[in-house]
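The structure appears right after this line, and notes come after that.
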Amino acid sequence: MTNRTVLVLLDPAAEVRSSVLELLTIGRDLGRVEVVTLESPSVEALARLGTHGVETVHQAELPAAVRGDARHLPAVVAATLAAAVRRTDADVVLAPSTFAAKEAVALAGHALGAGVIIDAAGVTEDADGRIVGTKRVFAGSWDTTSVVTTDVALLTVRANAVVPKPADAAVATEVEGFAVPVDAPLPAVTQRVPVVRDAARPTLEEAAVVVAGGRGTGGDFGPVEDLADALGAAVGASRDAVFEGWFDRYVGQTGVTVAPRLYIGAGISGAPHHRGGMQASQVIVAVNADPEAPIFEICDFAVVGDLADVLPQAAEVIRAHKAAR
Amino acid sequence: MRIVVLVKYVPDIDADRRFEDCRVVRTPGEGTLNELDENALEAALRIVESLDDDARTAAEVVALTVAPEQGDLALRKAFQMGVDRGVRVSDDALAGSDYAGTAAALAAAVRRLEADGPVDLVITGMAALDGLGSVVPALVAAELGRPALTFAKKVALTDGVLEVVRETDEATETLSAPLPALLSVADTANTPRMPNFKLIMAARTKAIEAWTLADLGLDAALVGDAGARTTTTHAAPRPARPEVELVQDKGSGGKDLAEYLIRHDLV
């Protein structure tokens, strides 16, 4: 532990999701953690931040023209992060690896002349106290280590990098406003419809367990959802299944990239595109009727069989096991 | 209407992708045009095709890449789809460029193209399939001082105003900006056309303009290893997974699966 200041991005500020709790956990190992928001945090969010040791939330006060929906534009978030670094003399900025946060972090690094690591799978420091990010690249087939050589380091971190844990002692959290100038040319946001989240399931980006369905479902995601519910898992799909209109979000290198503790692919052949989005998962399980499916080459456990038989039976055994505990 | 499409030469996704001395190996024959850039090229060509006759005749689509010589493969593919001009920026000083260095070089090349006339639109794919950082488009926009409309799944250009619909992790957004602007398109934005036979033949001999940093007036200290703010210190293949435990479902495959998960403390 050093006397570094670590800023964690919380956007939106209504709830503190598990990906942000992970960043707070990583941040506490690197220094003192403070939070940056674009809006007023909810009461629940503040309480959660307190249990994770956050004493200060820096809330952007934006020019009138960029309030409302425009405040979530990456260029606005970037201006906020850069201003927060200058205000607090922070050493490290951490944000989740969403497409929007990645752009914001890169733009803030650009404004600050600071080093940026995108999609880190882990963050540590080296013997000289420099910030180090590890990454999994080429569909999880290579591990790389990069060192940030500037005084300030900005990183986006993939979900499931660490297991989030609260601070040793809870603290009171204060919100401090600070003025943020925005001079980047911005597009107009003419409409913004927030994604409605399924409260009963974790999100695909953050879940520790993911069950995904592909062409082999024939369009019936019932067995996939059944097993996901038994495991408390998120549900995803292959790109094919999404293009067929059977499901809304796909796991793939251009869709959602996941690296959960457990990934189960059902009726998914394992084309390169899909593998690029899930191959970094810790344990990979596949169910496919085709014994030649390429996904069998990269998994730990596989069942050759009809997913409509296999998944409900697995869900039943898992439910019985949980009930007996 | 002048459109510059930023394209990248990347290792083929089916080839053995690897690092040497902490750098991505880009061997001729194992590399290709980044597949997601085909969506960018398609978007540019459709915008030009939607113009009236006079405007279409006057329009120009330029494919621009920062790459060593083998990057010409990516430009040839762009010619096959129908772009008018191909420019490659190559310079030993570019080796080791990070996101910021790459964006600086691309933006300098766009400014160089602006010496011949305004560039109305810069279009990119949503990410490069080697690094997958997906931040270079936003950085190029910042370098050029243009609004960025990224990850578009729908694109419309009406009376010089670009409007896109995009899906982020948080919301579905409609963004708009007057040109000049930067647009990045998602892989759901369109279906790229197949190369045209006549264009395939012509693409073999089309001239590619090769520029150096000196041609761009760009300080070599800002790019490559010299300008990089991160250094990759280690790159190694991940250890192979242990051999797969494979079960044939003869009525108890689901039970076997559940027991595997329970045994490995995954439930």
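Cβ atoms here come from the backbone N, Cα and C positions, even for glycine.
What TrEMBL lists as domain 'Electron transfer flavoprotein alpha/beta-subunit N-terminal' is A:5-198. According to TrEMBL, the FAD binding site annotation covers A:ARG215, A:SER238, A:ARG239, A:GLY267, A:ILE268, A:SER269, A:GLY270, A:ALA271, A:PRO272, A:HIS273, A:HIS274, A:ASN288.
Long-range C-beta contacts of A:ARG215 (FAD binding site), restricted to its own chain and to partners at least six residues apart, with a cutoff below 8 Å, comprise A:SER238, A:ASP240, A:ALA241, A:GLU244, A:GLY267, A:ILE268, A:SER269. In this record, FAD is bound by A:ARG215, A:SER238, A:ARG239, A:GLY267, A:ILE268, A:SER269, A:GLY270, A:ALA271, A:PRO272, A:HIS273, A:HIS274, A:ASN288; the longest C-alpha to C-alpha distance in that set is 18 Å. Cβ neighbour density within 10 Å is lowest for A:PRO272 among the binding-site residues A:GLY270, A:PRO272.
A coil conformation is recorded for A:ILE268 (FAD binding site) in the three-state DSSP classification, outside any helix or strand. Sequence-distant neighbours of A:ARG239 (FAD binding site) (same chain, six or more apart, CB under 8 Å from its CB) are A:TYR250, A:GLY252, A:THR254, A:GLY255, A:HIS273, A:HIS274, listed in sequence order.
Listed binding-site residues A:ILE268, A:GLY270, A:PRO272, A:HIS274 compared with chain B at a CB cut-off under 8 A give A:PRO272 as the close ones.
According to DSSP, A:ARG215 (FAD binding site) is assigned to a helical segment. Each of the binding-site residues A:ILE268, A:HIS274 was scored by other CB atoms within 10 A of its CB, and the lowest score goes to A:HIS274.
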